[in-house]
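What TrEMBL records for A:1-12, A:21-46, A:713-723, A:747-761 is compositional bias 'Basic and acidic residues'. Positions annotated as region 'Disordered' by TrEMBL: A:1-69, A:713-838. The transmembrane segment annotation in TrEMBL covers A:177-199, A:258-276, A:350-371, A:391-412, A:424-444, A:571-593, A:614-635, A:671-695. The domain 'TMC' feature in TrEMBL is assigned to A:494-609.
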Amino acid sequence: SNGKKAGEERRRQRERGKKAPTKDQKESENEGRRTNKKGKEGENKQKKDRKTSTSSASSNSSEEESLAEEELAMLMEQVEQKKKLISTMRNKPWRMVKKLSVLREAQAFVEKFEGALGKGKGKKLYAYKMMMAKKWVKFKRDFDNFKTQCIPWEMKIKEVESHFGSSVASYFIFLRWMYGVNLVLFGLIFGLVIIPEVLMGMPYGSMPRKTVPRAEQATAMDFSVLWDFEGYIKYSALFYGYYNNQRTIGWLKYRLPMAYFMVGISVFGYSLMVVIRSMARNANENTADGDDDNFIFSWKMFTSWDYLIGNPETADNKFASITTSFKESIVDEQESNKDENIHLRRFLRVLANVLIICCLCGSGYLIYFVVKRSQTFSKMQNVGWYERNEVEIVMSLLGMFCPPLFETIAALENYHPRIGLKWQLGRIFALFLGNLYTFLLALMDDVNEKLAEEDVVKNITRWTLLGHHNSSAGNGSTATPPPLDPADVPRGPCWETTVGIEFVRLTVSDILVTYITILVGDFIRACFVRFMNYCWCWDLEAGFPSYAEFDISGNVLGLVFNQGMIWMGSFYAPGLVGINVLRLLTSMYFQCWAVMSSNVPHERVFKASKSNNFYMGLLLLILFLSLLPVAYTIMSLPPSFDCGPFSGKKRMYEVIQETIELDFPLFVAKIFSYVANPGLIIPAILLMVLAIYYLNAVAEAYQRANAELKKKMQMQREEEKNKRNNKASTNPALQDLEDLLTPSTKSESHPKQAEDKKIESPNKTSPVGKEGRAAALDGSPTTGGRGAAFTPPPHVFVTQPPTLGLRPPYPGQPRPRGHPMGPVPGRGRGQPRCSYPA
Amino acid sequence: MGNKQTIFTPEQLDAYQDNPFRQRIAEVFSEDGDGNMTLDDFLDMFSVLSEMAPRDLKAYYAFKIYDFNNDDYICKSDLEKTVNKLTRNELTPEEVNLVCEKVIYEADVDNDGKLSLEDFQHMIIRAPDFL
């Protein structure tokens, strides 16, 4: 290395002072890479001395020289290099002392010459730009920190996670996400529909649709009436019927009916976009690591400890869960080697499925029966509280008792817990879906009846108004007739408000049932087990009933279905989303408390990270299913004649046509009429179908290519293992000679191996890796003998790429160092090449 | 320096003593390999353990931490020590043996019976919840 230093000095004196520091720096960098990472102190000191000497040399020479064009470019390049060094400094595994000194030197250099660069082209502007760039980076970092701090409930969820594991925490993360979505929807509806109507529309009592009818006014403030969402609540901005059909309201000329319609559509549009975006993000993360079940045990060993635990109790839990998880993997491993009686298993599974289908049909029929009965009840006069709420009660009871029933039947099936969970979720989903659609069918019957009633009421209203005018005209001849008090006008049945009320009542009863279930099922049970254990015959904590485990699947499905009902009902009851936001907020706190105080961690702990897309898939399905009824009613049912923003029109979507005709210039109407032509729409749909097919084919092709590559990697690994096994006994020197004498096959496999390595770790070929290999090569004793084996045939060495003699898995390694490949006999470079492995 | 508590009672300190690898972390980041750190070593440790450190750097230091005997390889005895520290000696020796063998089978690419830095890096880079 002395010879090298001499060469460097000479080179430095030959070239200009400014260029030397960089080249020197690069050389020292390369030096740093090649030497052992453990950092010999002497080496460091030497480098520091050299650096200080070069920096002093540069500071002397910079002042007097004037900057010519090429020097400017050269200088810029050096500055860029230094900047790159600064930015990648973090990735280098050097000691902190070394890093700090190199960093300071590079920063000093950049500062000194950045200003100098500006002399040529307007120093102030350049310096200003640099400063702005730095400030921008700092601002972005601060903003990121701020954003992370703004995420609500992070500590709460972490606490739950540290006690119960990631699957329970994933439910709460899902809940938080739903809360965010609902908040946005609420903002849309509240800001664009409710507020304008309340501020700029006609006040309460001014129109028939906004007033409680005379007949009901006596009881309109009673709590029981309000609880049923009748009375004053029914005639408020919470429901569809309140809104006026005036085309523009207020001095802003705000088009309320149009806004109502567009907000209704955009609620679905936004939800769809957000769900699909979330699914795509999850799918990306999944394919990034693939299903690498190759490393189960290794990952368990090296990544299972959570370094963020700061609580001894939690640490105990974590130790226990790690132990359990190891035991479970061991059991899994052993079970996969076992053979089972397949026929018995199949029979049991078929039996279980038959039983469950019976249950589902039974529950569907029960709901249908109950809904039909409620229709006959509504015709009766004095109905008790039970009869009025029978439908909701039955649905809630079914939702409470069927899932545990399914679970006990599923015990017959003997699946792996993760698969069993998916089956359970699917069945509960089918149950809720059946219930919901039966409910909707019954509701549709109701709506049709109301529509028939409307015609009758329309006539009555007209005659009443006529009669009133005649009578008032009879009293005073020329005076304008006093308007009929809005409370006295006969009212139509307003089916949209009825539908809205039904959904709101269903939601509220669902909320109540959920909270009461948690309170009784978890909290009271925990209290009972805890306190009665002292005076009970058998051990309550270990046997029945013991503490409850957190039911992830039930809770997630409840959340998903609740959201489905919100989507369905929000068009007819704009206030529903607000109620849901409140519900989610309180639910978060309530359930966090309940989980921490009354639940115990699951016995079998398994990772739930991949189920996230499953939940999103369910949500997407529910979104489509809840879009259908709303779209159907918008398209095919006529709106009520005297309530809501679309009253008086034949169909609700006519508001769009009206707006286009009246508010937009003529050509827009023409454009829309062309676009709406079926001749244009059908080819567009065909085109989209073709695009989907094409993208599907491309995705499949990529997947196949992926699988092939993985197989190739596997095979290579097996090959290497076999080779190692076979050759473990032979002389390493002989082996090297053998390798050298078969260059053709090796050079063919090299590009493939290099390519595979590149594909394997595209962005992760890091200096660390290279350093590691270098260190392993240089420092470890095992390759020392191999290094000795190199020196005998130097002539072969310089004609072949030096990689052949080294371990075959790392062919691409010396190349990035810039050593020229191929024969280089003439230069004195042969010297360092032989010496570097030593 | 304000009214933050700077002197901890032994009981409070005990509450933070649960990391099973605390001894190894101190050893790896210290100058003399014995657990005594200068300020720069301390900074180094936190810089590597922070969220913003790149995965390769973390993988490199993780390898050093799990290499109990400092021979640049994670051999079977290192693995056994790791497992016992993680489970506080709750597993039976056969189970420990099985786990170690599985790990070596899964991650050892060059088949020398122990994990080198490359094996370790290759395996840990894909792990979804690595640090």
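Even glycines carry a Cβ here, placed using N, Cα and C.
Tertiary neighbourhood of the transmembrane segment (A:424-444): same-chain residues 356, 359-360, 363-364, 367-368, 371-372, 374-375, 391, 395, 398-399, 402-403, 406-407, 410, 499, 502, 506, 553-554, 556-557, 561, 564-565, 568, 614, 618, 625, 629, selected by CB-CB distance under 8 Å and a gap of 6+ residues from either end. Same-chain neighbours of the transmembrane segment (A:350-371): 390-391, 394-395, 398, 402, 405-406, 409-410, 412-413, 427, 430-431, 434-435, 438-439, 441-442, counting only residues six or more beyond its ends whose CB sits under 8 Å from a CB of the stretch. With a cut-off of 8 Å between Cβ atoms, the residues of this chain six or more beyond the transmembrane segment (A:671-695) that come close are 660.
Taking H, G and I as helix, E and B as strand and the rest as coil, DSSP gives the compositional bias 'Basic and acidic residues' (A:713-723) the counts 11 helix, 0 strand, 0 coil.
Mean pLDDT, taken over the domain 'TMC' (A:494-609), works out to 83 on the 0 to 100 scale.
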